[in-house]
Amino acid sequence: MSTQTVTIKSLGAQGDGIAHCPDGPVYVPFALPGETVAIAKVKDQGTVMSITEASADRRDPVCRHFGPEGINGTCGGCSLQHLADQPYHAFKRELVVSALRSKGLTPPVDDLVICRPGERRRAVFAARKTEKGLLLGFSQANSHHIVAIEECPVTSPGIVSRFDAIRAIGLSMVANAEPFRITVLETLSGLDISVEGIKSVNDKQRRTLTETVLAMRGIARVSLSGEILIEPQKPIIEFGGIPVSPPAGGFTQATKQAEDAMAELMLAHVGKSKRIADLFCGSGTFALRLARIGRVHAVEAEDKALKALDFAARNTQGLKPVSVEKRDLFRRPLMTSELKNYDAVVFDPPRAGAEVQCKELARSTVKKIVAVSCNPLTLARDLAILTEGGYRVTRVTPVDQFLWSPHVEAVAVLEK
């Protein structure tokens, strides 16, 4: 380890400040462009020891757990709370612009859709049993160390206010000091708590869990690795006003605000399409909204998610027909011959993107496509495939679903 004073030239894709040293770039978390900082350097990583000259874009973080001086350690949940709003918004938009540019794409890119603090309805916590109880928080960046949190300005107050209840539920299920994960989804009927990383619970633990949950208010369900352990109330969320009970541990957009913004962009482009395919549809985030305007074929690999979607569609009046298909689109994409049945296609894949499916789409005659992605790099790759097939990207909109992190959602609309 060496100590030296450096000047930060730019922000990297992970939100770290980048300094240029004789032996190459050095990445310095929590440092901003234009700042002069003293760092402790190990290989290409720097730790801020002091700030000699601060940037005018620096601001005080809103959370006590943020940064090198955070309470209980440096929480890895956020990396950009110290950056003022305007340059922060520009940074997020540039993540999308630069990813597109790397594939030779220069479509119109909208300003960032801004999401507010306290909107995150789904959070994944790290947890571990200790002598004092249950340690609950987020892992420190690039570390297995769990930073115990007492607040979280990103997460919904409906979750933050129940930290004690979440700890009690986790503690009733765990027998050793191995770390595990607790995913909490705030639903209209209470918290939906999904635990992963614990192999099993015995009969005594089940009884303790049941007693713990029934003594509380506002807990809808507790599950372990997808198995429902107790469900006082069926968890309910709404997709465009349509009630859905998502599967235990299933995927849900992190914030309703971002989901609504993405859905609005999607619906505006799909317009009056009569036959629509929703690929990687999950529990119906977009499919159920689309069914108000046209027939929908919803495709997803997760059986429980499809069943939730199907049940919601069958029990909602006023929707056009919705068909569902269980299918692994990474291995068995909809072929060009199948795609000829649709006027519009919407796809929202995991971070890996939809490369194989896009190769089929590129050869199709589908008039309108909406691509939703949480990874600008794989989105750019997929859009490049589609443009090579004759599609034109008419608009890309970045959405700040992951506040104060280096991650960004984006919606791209295409036509042929």
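From the backbone N, Cα and C atoms, a Cβ is placed for every residue, glycine too.
It should be emphasised that the depicted structure is a prediction, and the values quoted were computed from it without experimental measurement.
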Given that Swiss-Prot annotates Phe280, Glu300, Asp348 as S-adenosyl-L-methionine-binding, name the residue from Gln233, Gln253, Gln257 that shares the site. Gln253
So if I measure Cβ to Cβ from Phe280 (S-adenosyl-L-methionine binding site) and keep only same-chain residues at least 6 apart in sequence, which ones fall under 8 Å? Val299, Glu300, Leu329, Phe347, Asp348, Pro349, Pro350, Ala354
Largest inter-residue Cα distance among Gln253, Phe280, Glu300, Asp348 [record-listed S-adenosyl-L-methionine binders, Å]: 16
Could you measure between Cys78 ([4Fe-4S] cluster binding site) and Gln253 (S-adenosyl-L-methionine binding site) for me? Cα positions, answer in whole angstrom. 18
Can you tell me the CA-to-CA distance separating Cys152 ([4Fe-4S] cluster binding site) and Gln253 (S-adenosyl-L-methionine binding site), as a whole number of Å? 18
What does DSSP call Glu300 (S-adenosyl-L-methionine binding site) in the simple three-state scheme? strand
Any idea what the Cα distance is from Gln253 (S-adenosyl-L-methionine binding site) over to Cys63 ([4Fe-4S] cluster binding site), rounded to a whole Å? 23
